Amino acid sequence: MNGRLTLASGVEMPLVGLGTWPLTGDEARAAVHHALAAGYRLIDTSEQYANERDVGRAVRDSGVPREDIFLSTKFNARWQGRDLVARACDNALRRLGTDHLDLFLIHWPNPWLDRYVDAWHGLIALRDEGRVRAIGVSNFLPAHIDRLIAETGVPPEVNQVELDPTLPREELRAYHAARGIATEAWGPLGRDGRLLRHPIVVELAERHRRTPAQIILRWHVELGLAFTARSSDPARIAQNIELFDFALSRDDLAVMGRLDEGRPPARDPESHGH
Ligand SMILES: NC(=O)c1ccc[n+]([C@@H]2O[C@H](COP(=O)([O-])OP(=O)(O)OC[C@H]3O[C@@H](n4cnc5c(N)ncnc54)[C@H](OP(=O)(O)O)[C@@H]3O)[C@@H](O)[C@H]2O)c1
């Protein structure tokens, strides 16, 4: 079973996604194949990952009807412009071998270019034309989203950001919730594999008879977050969606609150992007 959330436009988005960076070629195709077979319906890719062709091929070869799959991709800085976004979409559709995107994201704000509002106008037009079902952003800070809303009146449906129990982004989640923006976590298992070995996570895993990864991913589900978890191992891919036959209690979540390291995200969107 796979949980879902409803985006502001009414489009339904699965909570459990397969992340595909840095997988390419056979490895990317195999991961998508195993994920779809295990029940995933959200696949996350990007122009930057150079694997959209592989992802698209695996989706087409899967036998799963296209309309059952939520295909999400992102475009790079050079397409940040009202009309350029339409070309970015054409290119993504061609590489993925499909006729529509379920979610199209501005990958990074690149604020020094000062073009993300133009890009947002372009995304709104694509959604109006029906080539893209839902539109959003990635790695945006509240100040960037404030500008999108002030200058277009249209909030993003999704902001995909680095988020895990060591970096819970509580203020950002509250900001999103107040504006009807869904939060999607990248790097949901935490940086460097350390969180998977943390005594709090290991103890909860033993008590619930689950793996540490399942405890962490269930934490995302409990918070109502969508996430993109990446693995190239078929057993781990399957394990990462087996999250809907157990729950974390209020006490479990309170204990996991101690995992917050109070650190900033790995990359500052004011100075990093592509
Ligand atoms: N929007 C953005 O700017 C942005 C930036 C970075 C990433 N992303 C997206 O987010 C996705 C996920 O981020 P990520 O790949 O950095 O981190 P992640 O999914 O949190 O972690 C991936 C790591 O966890 C391991 N792993 C996965 N499942 C496991 C399990 N059940 N047990 C133990 N280890 C497990 C994987 O190794 P194995 O392969 O060996 O299982 C891999 O080393 C990316 O693939 C990409 O799609 C987006």
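For all residues, glycine too, the Cβ spot is worked out from N, Cα and C.
Curation does not apply to TrEMBL; its annotations are automatic.
Residues or ranges marked as domain 'NADP-dependent oxidoreductase' by TrEMBL: 16-256. According to TrEMBL, the active site, proton donor annotation covers Tyr49. Residues annotated as site 'Lowers pKa of active site Tyr' in TrEMBL: Lys74. The feature substrate binding site is assigned by TrEMBL to His107.
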Practice problem: Return one of helix, strand or coil for Lys74 (site 'Lowers pKa of active site Tyr'), based on DSSP. | Solution: strand
Quiz item: How far is it from Lys74 (site 'Lowers pKa of active site Tyr') to the residue listed as 'active site, proton donor', counting Cα to Cα, in Å?
Solution: 9
Self-check item: Cβ-Cβ distance under 8 Å to His107 (substrate binding site), same chain, at least six residues away
Solution: Ser46, Glu47, Gln48, Lys74, Phe75, Asn76, Ala77, Ser138, Asn139, Gly273, His274
Quiz item: Within 10 angstroms of the C-beta of Lys74 (site 'Lowers pKa of active site Tyr'), what count of other C-beta atoms is obtained when all protein chains are considered?
Solution: 23
Exercise. For the residue listed as 'active site, proton donor', list the number of other Cβ atoms lying within 10 Å of its Cβ atom.
Key: 20
Quiz item: If you average pLDDT over the domain 'NADP-dependent oxidoreductase' (16-256), what do you get?
Solution: 98
